[in-house]
Amino acid sequence: MESLAALYKNHIVTLQERTRDALARFKLDALLIHSGELINVFLDDHPYPFKVNPQFKAWVPVTQVPNCWLLVDGVNKPKLWFYLPVDYWHNVEPLPTSFWTEEVEVIALPKADGIGSQLPAARGNIGYIGPVPERALQLDIAASNINPKGVIDYLHYYRAYKTDYELACMREAQKTAVNGHRAAEEAFRSGMSEFDINLAYLTATGHRDTDVPYSNIVALNEHASVLHYTKLDHRAPSEMRSFLLDAGAEYNGYAADLTRTWAANNDTDYAQLIKDVNDEQLALIATMKAGVSYVDYHIQFHQRIAKLLRKHQIVTDISEEAMVENNLTGPFMPHGIGHQLGLQVHDVAGFMQDDTGTHLAAPSKYPYLRCTRVLQPRMVLTIEPGIYFIESLLAPWREGQFSKHFNWQKIEALKPFGGIRIEDNVVIHENGVENMTRDLKLA
């Protein structure tokens, strides 16, 4: 494989091309991209954890340093002003020398407010991209050039097409997340609490709670029915029935986002349902290809859910077609089949149909689907179907013409297990699909 340095060099070439096109289209001279600033907790003197501007880390793998600035014009070597204060209270990152620094001009910035003296005097045609508009105004950036929608839409649209460097980083993030999932399963099998399972995951991945790309979902038993459960009980339940883990990792600012579900006892209907969801997920991935709308795969999985609901006699005496048509599958899988993945977990521009930002909303029947794009090579997506037993979603079906088709006794027996979700991260290629997660032998 090419070195990361060689891949990064080509990555910068691609970003420069996109920048040139965006600047020409919107009649700007350059973009000033701000890493962000620390924000103090209200009425306190310590900051919230720092989260870098995604458009900043698209250029450089600097994710932990506030008050940094990039100036890019699509022609000249990108300039990075790297915040390097004299500070004995806090850790100060040294000026970077790494695989990427040959491609960027790195300049020390000793004072956070010193950037003004470093920038070109004429700034009327510079666009600011960052989270602190008032800082841009202080630098005499025109208000109309602060986070200009057209520029951001353009950059967001093309972020769906990953460079080879980005794919390499995402494969590394997968490796880290897979290590965490293996450690977490072991912790579950040994009877640990959600809190301690989470610690095992973080230890195996070398991440802090603030390093993971999203809050880990570590859900035992009925907690698996809460789609974004993040509480972390300190005590293990008296009876272990099920474990759903939705947890990722980061590498150079790029995310992995994996989910697995395990049964404590493999001789149960629930354990067989996990196996069947897993098999259907793999079968769907095997059909994926460029040129097909992501929405189609979401709808297809509802047909697969219907098949499983019939097979397990959770819904009875109604055809699979009628189940999907009347949305009897909806309460069992209330979320979308997945989303784009990259610098952000729910990566941007999932609804964008072109580089002018044309929006195509999710179908009204499936409002929580996060992507409506036609799949193209270099796109990275999650495929994360699930089946859940959520009373608030099932309750409306307890009355009405379809109630008789729900096997309420079976549903009550499955509710203590919470639910099931299986999630892999896939890359669309010209001639097929790469499953980065299964390539690492994560069952």
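Glycine is treated like the rest: Cβ placed from N, Cα and C.
As recorded in Swiss-Prot, the features of this protein are as follows:
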BINDING   Asp246, Asp257, Glu423  Mn(2+) 2 binding site
BINDING   Asp257, His339, Glu384, Glu423  Mn(2+) 1 binding site
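Recorded features from Swiss-Prot, shown on the structure.
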| residue | record | DSSP class |
| --- | --- | --- |
| Asp246 | Mn(2+) 2 binding site | strand |
| Asp257 | Mn(2+) 2 binding site | strand |
| His339 | Mn(2+) 1 binding site | coil |
| Glu384 | Mn(2+) 1 binding site | coil |
| Glu423 | Mn(2+) 2 binding site | strand |
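Same-chain residues with CB within 8 A of the center of the Asp257, His339, Glu384, Glu423 CB atoms, the Mn(2+) 1 site residues themselves not counted, are Asp246, Leu258, Thr259, Gly338, Leu341, Val345, Thr382, Ile383, Asp424, Asn425.
With a 10 A radius on its CB, Glu384 (Mn(2+) 1 binding site) counts 22 other CB atoms from all the protein chains. Of all the binding-site residues in the record (Asp246, Asp257, Glu423), the one with the smallest CA separation from Glu384 (Mn(2+) 1 binding site) is Glu423.
Annotation for Asp257 (Mn(2+) 2 binding site): same-chain Cβ neighbours under 8 Å, separated by at least 6 residues, are Ala177, Pro213, Tyr214, Asp246, Gly248, Leu341, Val345, Thr382, Glu423, Asn425. Same-chain neighbours of the Mn(2+) 2 site beyond Asp246, Asp257, Glu423, judged by a C-beta within 8 angstroms of the site's C-beta center, are, in sequence order, Ile217, Ala247, Gly248, Leu258, Thr259, Thr382, Glu384, Arg421. Just so you know, of the binding-site residues Asp246, Glu423, the Cβ with the fewest other Cβ atoms around it within 10 Å is the one at Glu423. Cβ neighbour count for His339 (Mn(2+) 1 binding site) (all protein chains, 10 Å cutoff from its Cβ): 20.
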